[in-house]
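*Asks:* OK, Swiss-Prot features for this one:
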- Tyr18: mesobiliverdin binding site (BINDING)
- Lys28, Asn35, Asp39, Pro154, Gly156, Cys158: (2R,3E)-phycocyanobilin 1 binding site (BINDING)
- Cys50, Asp54, Cys61, Gln148: 15,16-dihydrobiliverdin binding site (BINDING)
- Asn72, Arg77, Cys82, Arg84, Asp85: (2R,3E)-phycocyanobilin 2 binding site (BINDING)
Amino acid sequence: MLDAFSRVVTSADSKAAYVGGADLQALKKFVSEGNKRLDAVNAIVSNASCIVSDAVSGMICENPALISPSGNCYTNRRMAACLRDAEIILRYVSYSLLSGDSSVLEDRCLGGLKETYASLGVPAAGNARAVGIMKATCVGFINNTSNQKKLSTPAGDCSALASECAGYFDKVTSALA
């Protein structure tokens, strides 16, 4: 897992150069907007159980066959597994948002995700829809457009953070396709 600092240092080291110029300015911006980033992650993790349950509920409302006797969310065990998987995805997205780097998401969550679901017979479309619902909800929390939040959300313009967060969810959706 690389954070914004490690990524810059690794890049400079591979070129046998000092960190400076544009890289230093990018790190300065990363630090100056650190409180917004922390607030954005806090808004997500403080509402994680609601985000996950709403996403899974939305997926099921759009495809009620998932809770029929032959569906992938039928029985408490399968529903619990679905909620657990969505929670894991959200957790790794929050780690990526906190560090400003998607490598933890890619390395620990996305590798083999599609193949795992395919081997279990889980339809990718439903998973992608649940991820899309989580994406919309998290972007709403970060942009302060959601009315269903437990804590305050980041102050100021957080559109860049919202876009970054959306990009992490897009990576998950792409991994499922």
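Note: Cβ is positioned from N, Cα and C throughout, glycine not excepted.
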*Asks:* Hey, what's the Cβ neighbour count for Arg84 ((2R,3E)-phycocyanobilin 2 binding site) at 10 Å?
*Replies:* 11
*Asks:* Using the centroid of the Cβ atoms of Asn72, Arg77, Cys82, Arg84, Asp85 as reference, list every other same-chain residue with Cβ within 8 Å of it (recorded (2R,3E)-phycocyanobilin 2 site), in sequence order.
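*Replies:* Near the (2R,3E)-phycocyanobilin 2 site, the remaining chain residues are Cys73, Arg78, Met79, Ala80, Ala81, Leu83.
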*Asks:* How big is the gap, in Å, between the Cα of Lys28 ((2R,3E)-phycocyanobilin 1 binding site) and that of Arg77 ((2R,3E)-phycocyanobilin 2 binding site), rounded to a whole number?
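*Replies:* Lys28 ((2R,3E)-phycocyanobilin 1 binding site) to Arg77 ((2R,3E)-phycocyanobilin 2 binding site), Cα-Cα distance: 47 Å.
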*Asks:* If you draw a 10 Å sphere around the Cβ of Lys28 ((2R,3E)-phycocyanobilin 1 binding site), how many other Cβ atoms fall inside it, taking every protein chain shown into account?
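*Replies:* A count of 10.
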*Asks:* Using Cys158 ((2R,3E)-phycocyanobilin 1 binding site) as the reference point, find which of the binding-site residues Asp54, Cys61, Arg77, Asp85 has the shortest Cα-to-Cα distance to it.
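*Replies:* Given the candidates Asp54, Cys61, Arg77, Asp85, the nearest one is Asp54.
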*Asks:* Going by a 10 angstroms cut-off between Cβ atoms, which of the binding-site residues Cys50, Cys61, Cys82, Cys158 has the sparsest surroundings?
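*Replies:* Checked Cys50, Cys61, Cys82, Cys158; of these binding-site residues, fewest Cβ neighbours within 10 Å: Cys61.
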*Asks:* Restricting the comparison to the binding-site residues Asn35, Cys50, Cys61, which residue's C-alpha is spatially nearest the C-alpha of Arg84 ((2R,3E)-phycocyanobilin 2 binding site)?
*Replies:* Cys50
*Asks:* Compared by Cα position, which of the binding-site residues Tyr18, Cys50, Cys61, Asn72, Asp85 is the closest one to Gly156 ((2R,3E)-phycocyanobilin 1 binding site)?
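*Replies:* Smallest Cα separation from Gly156 ((2R,3E)-phycocyanobilin 1 binding site) among Tyr18, Cys50, Cys61, Asn72, Asp85: Cys50.
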*Asks:* So how far apart do the (2R,3E)-phycocyanobilin 2 binders Asn72, Arg77, Cys82, Arg84, Asp85 get, largest Cα to Cα in Å?
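*Replies:* So the maximum pairwise Cα distance among the (2R,3E)-phycocyanobilin 2 binders is 14 Å.
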*Asks:* Which secondary structure state does DSSP assign to Asp39 ((2R,3E)-phycocyanobilin 1 binding site), in the simple three-class scheme?
*Replies:* helix
*Asks:* For Cys82 ((2R,3E)-phycocyanobilin 2 binding site) and Tyr18 (mesobiliverdin binding site), determine the Cα separation and express it in whole Å.
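*Replies:* Pair distance, Cα basis, whole Å: 46 Å.
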